[in-house]
Amino acid sequence: MKNVLVRSAARALLGGGGRSYYRQLSTAAIVEQRHQHGGGAFGSFHLRRMSTLPEVKDQHSEEKKNEVNGTSNAVVTSYWGITRPKVRREDGTEWPWNCFMPWDSYHSDVSIDVTKHHTPKSLTDKVAFRAVKFLRVLSDIYFKERYGCHAMMLETIAAVPGMVGGMLLHLKSLRKFQHSGGWIKALLEEAENERMHLMTMVELVKPSWHERLLIFTAQGVFFNAFFVFYLLSPKAAHRFVGYLEEEAVISYTQHLNAIESGKVENVPAPAIAIDYWRLPKDATLKDVVTVIRADEAHHRDVNHFASDIHHQGKELKEAPAPIGYH
């Protein structure tokens, strides 16, 4: 065994590694001690463990190095198991939108009656109707025949009531431990639908800086005012929105007339509109305005229906919510 130790020391010194020499020397000593105690198998196992420790450390350091080098190109959200599903259109092409999925798209019911009007009866109805008419006069004075900008401003405001109503019903449901009858979902769907109208209009109209400032101011004022309004009287608030949607239908009808008369160019429909409303590939602005007008008519009916429920002295949860009713 002494000869083994001498040969090991010589190999280590010739290999130029004093550090390796001590490692091999200590390993050989351990083997000798184990063999003397009759533990040959365990000694060989210990030799293997001792000899691979530096390699394990090197392997771990290499893995860490690779991880550091790879983090710059890695998607952070994948760490949490959140990855974008591979979604495709019906024709097999890749779905390009993150803001909505194919199952969120739909065919708008353009057969809806766009001429319906709720005749004001009660005091709250008349106040709501007059308030909307006053706002309509102001918007007509400012935008005149700039239908695209008018629609963009309208959608910025119209997307607020559904969010406010849905949020307050959500808080009420949590506070009173009660179901909403589906009305939270219905109102939030309305808000999302109005937002998609706006995203479509932004593809067609590029607002100027002063129009952006006006939208920013109007949205801030309207959100807070409608929040208080809904707290005080949901009945009047829904009636107000119903009349607001009636005016939206009128505005889009005027927009359609301008397209048909040639005052407004009938440009190709944006790609987002084609996918959201499942329009044909050759759809035009006229098709987009037509489906948006139909959506507004549906919102009109939903909000007048909600106000009627309150007028009967009932809560919204007592009537079926029009879920999926764009």
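Just so you know, glycine gets a Cβ as well, placed from its N, Cα and C.
The shown structure was predicted, so the numbers you read here are calculated from the model rather than taken from an experiment.
The following features are taken from Swiss-Prot:
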type     : residues                       : note
BINDING  : Glu155, Glu194, His197, Glu296 : Fe cation 1 binding site
BINDING  : Glu194, Glu245, Glu296, His299 : Fe cation 2 binding site
TRANSMEM : 151-171                        : transmembrane segment
TRANSMEM : 213-233                        : transmembrane segment
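Overlay of Swiss-Prot feature records on the structure.
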residue : record                   : Cβ within 10 Å
Glu155  : Fe cation 1 binding site : 23
Glu194  : Fe cation 1 binding site : 26
His197  : Fe cation 1 binding site : 26
Glu245  : Fe cation 2 binding site : 26
Glu296  : Fe cation 1 binding site : 28
His299  : Fe cation 2 binding site : 28
Other residues, Cβ within 8 Å of Glu155, Glu194, His197, Glu296 Cβ centroid (Fe cation 1 site): Ala151, Leu154, Ala158, Ala159, Asn193, Arg195, Met196, Leu198, Ala248, Ile292, Asp295, His299
Whole-number Å value for how far Glu296 (Fe cation 1 binding site) lies from Glu245 (Fe cation 2 binding site) (Cα to Cα): 6
Distance [Cα-Cα, Å, rounded] between Glu194 (Fe cation 1 binding site) and His299 (Fe cation 2 binding site): 9
Distance from His299 (Fe cation 2 binding site) back to His197 (Fe cation 1 binding site), taken between C-alpha atoms, in Å: 13
